[in-house]
Amino acid sequence: MLKMTHIRKVFRTDLVETHALRDISLNVAEGEFITITGPSGCGKTTFLNIAGLLETWTDGQYLLDGQDVAALSDFQRAKLRNQKIGFIFQSFNLMPDLNLFDNVDVPLRYRGMKGAERKDRIERALDSVGLLSRKKHLPSQLSGGQQQRVAIARALVGEPRFLLADEPTGNLDSNTAEGVMELLQSINDAGTTIIMVTHDPSLASRSARNIHFLDGRIAESDHIAVAGQLEAVS
Amino acid sequence: MFIYYIRLALLSYRRNPVLSSLMVLAVAIGVGAYMVIFTLNYFMGGDPIPHKSAQLFHVQLDYGDPAVADFEPPPQLTYIDAIALLDLSSEHPRTANSKFVGVVEPQNRDIRPFSVSGRGNFSDFFTMFDIPFQYGSGWDREADENRQQVIVLSSELNDQLFGGSNSVGETVHLHGYNFTVVGVLDRWSPMPKFYDVNNGPFDPIEEAYIPWHLIVALRMDRSGNTNCWAAPEGDGFQAFLNAECAWIQFWVELQDSAARDDYLNLVDNYAAEQKSFGRLQQPVDKRLFDVNEWMVEQEVVPDETRILSALAAMLLAVCLLNTVGLLLSKFLGKAPEIGVRQALGAHKGSLFIQHVIEAGFIGALGGVLGLGVAALGMEGVKILMGDLIVSDWMQLNLTVMLVTIALAIVCTVIAGLYPIWRACNINPAIHLKLQ
């Protein structure tokens, strides 16, 4: 579903060139749950931004569902983001003056969906994260864990093919983080591909595959769960 | 999406009320001040009779003293020339007219005699200038020729003398003579008063209208400008009538360019004939002016208002430059939200529209507040200019209100283009991580 070949990303200023990604090649299959780990500044977030079409890259090829996305216009990329990709951020990135319903509504607005269908989808999405009863609340009236669940509902409301999560539990305590992980796990079980950046090795160990970034390169790629399952079968 | 964007604009206003209010205030001051001057110019310089201003012509002749190098030809005609042109122009609607003042003695003895401003004119005056009547009508050419003592009243004078009732057929005692009322004007206030711009272009219309010949026949007290460039030969009123003294405005209605050319030939021939008698020795550039040409020729809109216009435009520009800065600050402050919206599927075009609507929303609020500023400014102009303007037309009518709001919206959107462009081109990736 996602195929990157020899992707490089260089940030340039007048004085400095920073190689954020060096020759990244990666295949992500439909339904996979991949975690990305690595030290700060190793290129995890840059990779995620490129995967989510929020950032351009310097060299290499990126195919999304077999389509070369390099040549797409801003409009086409936005459409792809809206229809195929969901984003979850460490700091939730909810809009503070919109209530939960309106926050979850944002991606559907850009899809041009009719009011009744939007309402139905939003309520289902909020219900799936257990926050339907609080749809009129503002984000500031919720706890961090609840805000992240709203962000997940917002990411899922458009029924994307894959979800990009940038340290979704980074701002949460361990209990709340566990709840969010379980939610992501169930989303993946339902068939959504997930790529998650995390610093937490215990969370990384729960994914099917962990990719370790170091200095802009893939240092290690382990099929943790799949390898474990294969071992068990043999 | 339009209503959605309006709602986002409202939320954005509430998020930064001080910054947003400063923008609204800047737009309101700039647009309000500009509209005061715009209104002044609009009414002073507007076409007072747009549907036929190109068919109505003021006649000017080659008056002046050749010995005086920079002699400005007077805009009016002498009595001799007015009489001659009346005969020459009889196949067209035409009128000579001039002002007078007279004392009216009301039939109601409880009302003391009072002075009125009046105009002597020909019957065609009313039809040429499309003057509306409340009761009756103007008189006919026969009344002109026979010097009938008929009178048309303004609605204000009719209110004063007859309580606003239909006074056609009633008698008005003016200047010691009885006049029969044949018509009462409806409310009418051409701006500028184009048919007599050299006697107060922004004065109210006259209160009483009588056949022009009666000014001479009844020795009415003339008023208004009189320009003489040669001393009368002899004493008395008849000597004045025969003198090189211009005090009569002359208008003719010519339907098309052919009629205009023919009429101009007549006037040219008349001028040439008079030259042979030793008169009209100072040639003029032009003898026929349509209404708008005449307004320009007579510099009806004073230079001061043009200077004021320039100053108001500069104030508006300064206010808009401030708005640019404030919008830039506001929109760049929304970078994290813009980043999130991009991640969720907004493309640059939709972000552009969203922010154009937000700028337009601020502009609309500025326009509404600007109406208040304009209303205050207009009151100030009335106080400053006093009798020079008629306060009836220096006001916020629907056109002025709509133009104010539209101007505010358009200006604010234009001022917002650069901030919007910057906002739409932020890199979302930077702000998503930092939010």
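Cβ atoms are placed via backbone N, Cα and C, with glycine included.
According to TrEMBL, the domain 'MacB-like periplasmic core' annotation covers B:20-261. Annotation source TrEMBL lists domain 'ABC3 transporter permease C-terminal' at B:311-428. The annotation transmembrane segment is assigned in TrEMBL to B:21-44, B:307-328, B:356-378, B:398-421.
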Practice task
Give the one range among B:21-44, B:307-328, B:356-378 whose Cβ atoms make the most pairs under 8 Å with those of the transmembrane segment (B:398-421).
Solution key: B:356-378
Handout entry: Distant-in-sequence neighbours of the transmembrane segment (B:356-378), which means Cβ under 8 A and at least six residues beyond its ends
Key = 2, 5-6, 8-10, 12-13, 20, 23-33, 35-36, 39, 323, 327, 394-396, 400-401, 404-413, 415-416, 419-420
Problem - Long-range environment of the transmembrane segment (B:307-328) - Cβ separation under 8 angstroms, sequence gap at least 6 - result: 19, 22-23, 26-27, 29-31, 33-34, 36-38, 40-41, 359, 362, 411-412, 414-416, 418-420, 422
Handout entry: Within the predicted model, mean pLDDT of the domain 'MacB-like periplasmic core' (B:20-261)
Key = 90
Handout entry: Residues of the domain 'ABC3 transporter permease C-terminal' (B:311-428) by DSSP state, where helix covers H, G and I
Key = 101 helix, 0 strand, 17 coil
